[in-house]
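Feature list (source: Swiss-Prot):
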| type | residues | note |
| --- | --- | --- |
| BINDING | 337, 388, 518 | Zn(2+) binding site |
| DOMAIN | 1-63 | domain 'TGS' |
| REGION | 243-541 | region 'Catalytic' |
């Protein structure tokens, strides 16, 4: 038999027979290693222990000590057990893609005989547990691609997935009458799946394309230890309670009307108040930092986006152009930068004017697929807190640091502390996706990296995450659901100033090219509101809360006028307050104020009327305190003015 040469992590090389598996290699080293092994790497790719090795390459044995791979193998095996169980109960079921996610797995299925309901999951879980208790080993067999197609005949989606496999051999996993593939790594036997849970059922288009068949996606998770599963389920429950879609419904913040269209939210009065407060804050903050706010059209001639490059590189995310019938094609703008360039070009510019900072709360439209839409986080119409600075080359580093400092000030005002920095570069292997200028990319990426190093900030580097016209610094955070989101962005751009032939008159009297810096402080109003709703769990800080205080008179006939006087004074001071004079019990009104997450509940009765005080109960606290009404009003006005949750100005996370 032919031989292959395998290279170990320490550089040592050894010859083995062709088709040797990594498990065989582990056994040749030691029995204990083979027992601990759960997977391996071949030329950097994670593969199954029993994957036949057909050519020379570098190998690595992965043991249970590698928690990440161990979890992935656990999730793959649990998904395999799920599919094997479903195949017994639904013989006609078609199986699609199976995927290990960041915290579990899902399997896409299609069953013409009937859908799997959420209420079916407990019974399916019971049957899975029986299969796991059997302790049956999972057999592996390597077959040719043609033989695999024969094995999966009748499984439409599996055959389609096989067509995408480039290798001539396919590793097939078998358990009883059920077979599957593309699940590496997997555990050795079904009883290795110790603790698992089936979570939910949702719809998903085959391979994510809305033109394809809608399938059923069954979600689950599994862990080696019960306490790990319990912790995960607790986290998921907490995430559900923080879900901005749930809270948005409870607090009457927004809704989406299917008659109008998916991804097009209506902002209800409460949500609109929160958004308006954010917008006013942002405008004031930016103006104080040298930005000039503008309004620009949400429609533009298609030629503008052809010149900017959006039409070539971003077309799939843009709505189709509107033919005006006279040769003019109008496009809903996907980004604001070309519009701000036109503002810059409206006047001749001098080096003395730079940096020129232009900002806008600019409405944009993105052609998002329906399957990607989610509440306020992913929408088709959005308003971006956008800004563009035009600088001389010698101003780049200082302006970058200035923008980053402004961002961190904003995070402090919103009490946001959990975020990381990511330098997003182009993928040099994907030249079609990005503006093709190696010198520009290398220069811009080096500048961003140098600025971050100068500041001593930790960051990760990510290839393939840049925009098509330049690298960027992304500020990353996680939603309550555990999804990573980009909170803010700073991006260097040498391309658009060249495409639009931007100039300024230099000190030497000659024309020079400015550098453009794109930045978004808090993403879109939609996404930022969703994010804040989740991190605050709906208990917005007083300055953002739709209703900042509710006043409850003990007896309307005796105490209403006093309550109204307090309300009028608070409104005069710019506060949002209402009186609850409904004919309901006092306890009911107080509980409702708490469930509505109103920051302050004020009760006024005989004592308060006689002493010009209010009984103040802060949200989340059990006890009320008596305060002079004027002192309370002064205190809440100061709290709102400080943009904080506790009446104190928060400090920056880092000093620049």
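Even glycines carry a Cβ here, placed using N, Cα and C.
These numbers come from a predicted model, not from an experiment.
Apart from the site residues 337, 388, 518, the chain places the Cβ of 335, 336, 340, 341, 386, 387, 491, 493, 496, 516, 517, 519 no farther than 8 Å from the centroid of the site's Cβ atoms, the recorded Zn(2+) location. In the three-state DSSP scheme, residue 337 (Zn(2+) binding site) is classed as helix. Across the domain 'TGS' (1-63), DSSP helix (H, G, I), strand (E, B) and coil residues number 14 helix, 30 strand, 19 coil. Averaged across the region 'Catalytic' (243-541), pLDDT in this predicted model comes to 90.
With a 10 A radius on its CB, residue 518 (Zn(2+) binding site) counts 23 other CB atoms from all the protein chains.
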